[in-house]
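As written in TrEMBL, here are the features:
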type    : residues            : note
BINDING : S17, E37, A38, V216 : FAD binding site
DOMAIN  : 16-109              : domain 'Amine oxidase'
DOMAIN  : 175-434             : domain 'Amine oxidase'
Amino acid sequence: MDSSSCHSAIIIGAGISGISAAKVLAENGVNDVLILEASDRIGGRIRKEEFGDISIEIGAGWVAGVGGKTSNPIWELVNQSSLRTCLSDYSNARYNIYDQSGKIIPSELAAASYDKAVNSAIQELKNQETNLGNAISDIPPSPKTPIDLAIDFVLHDFEMAEVEPISTYVEYGDEEFLVADERGYELVVYNMAESFLSTTCQGKIVDDRLQLNKVVREIIHGSRNDVTVKTEDGCVYKAQYIILSVSVGVLQSDLISFHPPLPEWKTEAIMKCQVIVYTKIFLKFPCKFWSCELGKEFFLYAHEKRGYYTFWQHMENAYPGSNILVVTLTNEESKRVESQSDMATLKEVMAVLRNMFGADIPTATQIFVPRWWNNRFQRGSYSDYPILSKHQDFIHIKAPVGRIFFTGEHTSEKFNGYVHGGYLSGIDASKALLDEMRRVENGHNGMESQRNFLLDPLIALTDLQKWDDISVATSRLFLNKSTSTAIQEAIK
Ligand SMILES: Cc1cc2nc3c(=O)[nH]c(=O)nc-3n(C[C@H](O)[C@H](O)[C@H](O)COP(=O)(O)OP(=O)(O)OC[C@H]3O[C@@H](n4cnc5c(N)ncnc54)[C@H](O)[C@@H]3O)c2cc1C
């Protein structure tokens, strides 16, 4: 498959959404798909690394949402791949809080602080809902003490479902299973890819339809018949359609330029979406010095700086005898640590651990600090929408622009931020593309198909009643004259 041919579709990105999209197309007879992936592997944010004789998950680690009435599709894929998993019970974390002198905070105090944090989060949510955010009397006091800050961090940065219902847990159940398997969580993506791409008997993918190390830099989508994609190494590809599965962090960056530029409604939706940086730092020790009793897997460190090496997990349940601890940072702390040397981070981490467990503990022999923020193919860990996000924001972030379809976890209204969100969004995007291909095949001309693409976001603008308003919207969509005439006819 050379770069001069025009493919039915090019999929940009080979994370779980790109691969699930490609699989659906292949299953529906669209076989001349080309997948362009910037890195040297598939899986994207599902990624294992060898560390201290085990496989660590530096990206997604858990199947979140298990045990409910409906089965999480990722849980099914994990089981079909026979991946070993381990139930995570966070309920005790709030009672395992160490202060800076190594004392465990009494459980009554911890429970009271937790209740206070939940109540104030609920109050804050009510304020937002009733638009009373400015009423001084209703603003809950912000946490100040180390224990309140530690609990606030866990409640908000770890999406504990006590405050508002989270679709993942409502729909699929509230259990979480850590993938603890040498083959890695990414096996799910590899198995999916191998179901439609050729592989060697050693399981290596050798199929021209997957091109690794292809960094897409430019998408030219002005033509009415095809789209042109240019990569960093100077290659040019053409396709009838594009499925763009890069993260919202990448869309917010200048890695890919669009000619003509994306319409304003699309760029607004992209820029509105928040990106969370979530960093799991792995530490290998010559021996254990922490408790491995039941209910002690997760523990917290209370410090006057919010999120300063707060959330800890030992890996003995997942990998007995591994002597590995994991500490999780988010957002500003993640960015701060990404910008310093691993040795500087090790020094900070050891000072924290010595505060908790005493001066005599051994220094870690290995450290692994993932850098999701500085990775130009990610620019963050996952999307996060404000609790009261509008349905319309999701419609816009997902809506196609001409021949470009959008997918990825950030396009999933219900499950953004999760592996299953990425997986399901890939299926959705391909189904939408297949519908469009069928419409064209059934004799609708390009104009009508274009009209369908462009009406989707218009329909979402529910306040648009009059043609005047539609005209404004069509100009925002960068329509040419003939296409806007088609829309005018369509709405008569
Ligand atoms: C640290 C961390 C922890 C997480 N923990 C969990 C968890 O426990 N449970 C859970 O359910 N989810 C978790 N997630 C979220 C989950 O990993 C993601 O939601 C999901 O993997 C996203 O898949 P995707 O296909 O949408 O995007 P990606 O996996 O990011 O795929 C996009 C692909 O596009 C490629 N790309 C980018 N730019 C270009 C370009 N210019 N040209 C070509 N290719 C490009 C990238 O290299 C990447 O392979 C976590 C994520 C992170 C980072």
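Placed from the backbone N, Cα and C atoms, the Cβ positions cover glycine too.
Unlike curated records, TrEMBL annotations are generated automatically.
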Specify all same-chain residues, apart from the site residues S17, E37, A38, V216, whose Cβ lies within 8 angstroms of the center of the Cβ atoms of the FAD site, ordered by sequence. I11, I12, G13, A14, G15, G18, I35, L36, S39, G44, K214, S245, V246, F377
Pairwise Cα distance maximum in Å, FAD-binding residues per record: S17, E37, A38, V216: 17
Which three-state DSSP class does A38 (FAD binding site) fall into? coil
DSSP composition of the domain 'Amine oxidase' (16-109), residue counts helix/strand/coil, works out to 26 helix, 25 strand, 43 coil
What same-chain residues, at least 6 away in sequence, bring their CB to under 8 Å of the CB of V216 (FAD binding site)? I12, L36, A38, V229, K230, T231, E232, V246, L255, I256
Tell me, roughly as an integer, the mean pLDDT over the domain 'Amine oxidase' (175-434). 96
Cβ packing number for S17 (FAD binding site), 10 Å threshold: 34
